[in-house]
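This report refers to the structure that appears directly beneath it.
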Amino acid sequence: MASCSHFSSANLKIPTDSSRIHKEECTLCFDSQDLPPGIDVCLTCFNAGCNSSERHHAETHYQKTNHPLVLNVYRMLKDKPKRAVETEPPQKISKLAIVPESDKDKYEYVTRAKCYACGGMEVDKTLPFVIDSVMTSLSALKKSEAEAWEKEITACDHTRNLKQDPPKTLESKVLAHCKECDLKENLWLCLTCGSLGCGRQQYGGSGGNGHGLAHFDKTKHPISCKLGTITPEGTADIYCYLCNDSKLDPYLGNHLGNFGINVESQLKTEKSITELELERNLEFDFTMITEDGKELEPLFGPGYTGIKNLGNSCYMASVLQAVFSLDAFQQRYYPTAMEHHLQCPQEPANCLQCQLSKLADGLLGGRYSQPVQAGEAENDKRGQDGISPAMFKALIGKDHDEFSTMRQQDAHDFLQYLITIIERKEHNNPENDPTNIFKFTAQQRLQCLECKRVRYTENSESIISIPVPAHKIEGSEEKYEPITFEKCIESFTGDSMIEYFCPACNKETHATTNKRFVTFPEVFVIHTKRFDETENWVPRKINVPILFEQDILNFDKYIAHGKQENEELLPDSSAPAIDEKVLNQLFEMGISEIGYKKALIATGNNGTESAMNWLMDHMGDPDIDKPIASSSSTLGPSEADVSQLMDMGFTKTRAQKALRETNNDVERAVEWLFSHSEEDSNEVISLQPGHDSNSTIGDSILPANYRLQSFISHKGTSLHCGHYVAHVYKDQQWVLYNDNKVVKACQVPLGEAYIYILCRVRS
């Protein structure tokens, strides 16, 4: 083993608490420390690169950074334990279940120091303290997981300022079962008085009789702790009934000590709420989406790679499988990966294009879609490990209140967010933006029923949300009559009546509105509104079967025709009229008055219903609550600023409007344009057949024929629980992607889809 002179000049660093150490897998592909010959961890910046015979991403990193010294890490299972039939399955991922990385009972680590400046040869480990620090430090992946779980639960004023009864020691028999019944599990201790009550009934009928909640209703004691989840580190499931949510108790040790309970002697014996939720979501399996009793045929190879569930991440996996089945995403991120890697100035883990290219390589290359050996148990089936896109999830969710957590999310919201993030990334190179395939121009027509004048508003959009009319089958409380997909589209494009303040009549009146398509996209993303709001604004799922009666769907009759010669336009209103009743409802939903006003402006002041629909689609916008910039500035937008925005592909009218809304700040104007991508209502787009107003927002060439290419389904009763899967039509068959399980679909549940993705069929 040779000594190396580069140790003294390599600027080696000992990891600190803030260091992000990538050591599980390569930052540019999904080769991991578990695959021979392991991965190389840079001892200067802690990037991880593979050094397989096919890729050489570690060497690419050296060529870009001139960081010569690496630590090669190869992890091997010491022994594959045979699980007894009666043994409990491995614990699902949770923050409490994150295990130390030096799991010496399970793995053996082989490490070698190498120098790329010396040709990649192994060198003497003359700095063991640096190497030991890398191996014992928490990795970037584990840090991201821990941070995601920590974001979910925070302390509240009720836990911080809890007032307890005088100290007393609770006897073991008092803590053995519920005070009001004989239940011995799912027991919650009131941290005010020490009363022990059972929990509420949980998914599947398990749980309790609700005596803990009954105690709160009677006493208003707010904080309870779930026995069996207390750990020696002072963590446990804490619930605040006043906040109606799980909370963190920063003084749990003291609060439990008030009743003679020493946290240091406690052992976790029950699953936490988070673990139960994860288990519930992951229990949705093949039998829920195919006919029972038939074994599904697993598929392997390029394009048939599954995605591991990272814990409530099925919403992300289903969206990624659907979008990477599209040619535009494949061509943007798969063949261009190496070229971008060599030129990218960012750290790969922090570069969106690097991570999207990594996903494309992982999903499309087939390298990670290999059958794994079946176990000896009867229920072990041949499958694949798939890929684990934890690095992408950490990056895409960064700074987002919801997607940065480990909670279940709405696949529709995530798809919209992904499109927006990619648009912003590609705004300097719009011709490379793969989301262009989703874009089209929609026209909303409003007509006052008294003066008969009209207003046309045109918006650039990427997704439409269609209603699903629900009619219960007579005599049934749960089942609904089927409806055709065409009827749902007609409900979206048909006339509806709204209350409206007419600026021409100068009074409250009624108006009709409808929506049509000025241009059609290459790929139509259609979200079905399967979730209704209850009286308490809680989403409730409506399972209406949707029927597809034709293979080819024609949208010609939904094309917009624009202003007619015999129509008179409504005058522009100087300020949006505020409906106080609707405003109060929006306040209850957490929407500000600023957001409501923005919605009225964005929809051309076409009434509260249109504004509320706009808000439902833009509640995640980062500037939804930012004040509306004044448009009465004495200094208007400069021609240079307008030209700069026009060079990015925006029209002059929209560029001027964006600059006015952002006080002539070009950078903010770009963000505004992508967050509020509406066309100015006075800007007329030619509607002559064959006219292409902008290559990035579809075209109006007829016929507008589409065929279903993929769809995403949701199983469960609420957006906050359940499971998402994707079906994709490829190689003349329907393929089911259920996390890391990829199989040939026997029965295709078209009628249950939540999101439909249709591709244009050209003549």
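Cβ coordinates are placed from backbone N, Cα and C, and glycine is handled just like the others.
Positions annotated as active site, nucleophile by TrEMBL: Cys314. Taken from TrEMBL, the feature active site, proton acceptor applies to His723. Here TrEMBL flags Cys178, Cys181, Cys198, His211 as Zn(2+) binding site. Residues or ranges marked as domain 'UBP-type' by TrEMBL: 2-115, 154-263. If you look up TrEMBL, you'll see 305-761 marked as domain 'USP'. Per TrEMBL, domain 'UBA' is recorded for 577-618, 636-676.
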Averaged pLDDT score, the domain 'UBP-type' (154-263): 88
Cys178, Cys181, Cys198, His211 excluded, remaining Cβ within 8 Å of their centroid (Zn(2+)): His177, Lys179, Glu180, Asp182, Leu183, Leu187, Leu196, Gly197, Gly208, Asn209, Gly210, Gly212
Cys314 (active site, nucleophile) and Cys178 (Zn(2+) binding site), Cα-Cα, nearest whole angstrom: 36
Proximal residue to Cys314 (active site, nucleophile) among recorded positions Cys181, His211, His723 (C-alpha distance): His723
Winner by Cβ contact number (other Cβ atoms within 10 Å) across the recorded positions Cys181, Cys198, Cys314: Cys314
His723 (active site, proton acceptor): tally of other CB atoms within 10 A of its CB: 24
Between Cys181 (Zn(2+) binding site) and the residue listed as 'active site, proton acceptor', the C-alpha gap once rounded to whole angstrom: 34
The residue listed as 'active site, proton acceptor' and Cys198 (Zn(2+) binding site), Cα-Cα, nearest whole angstrom: 28
DSSP residue counts for the domain 'UBP-type' (154-263), split into helix, strand and coil: 23 helix, 19 strand, 68 coil
Rounded Cα-Cα span from His211 (Zn(2+) binding site) to His723 (active site, proton acceptor), Å: 30
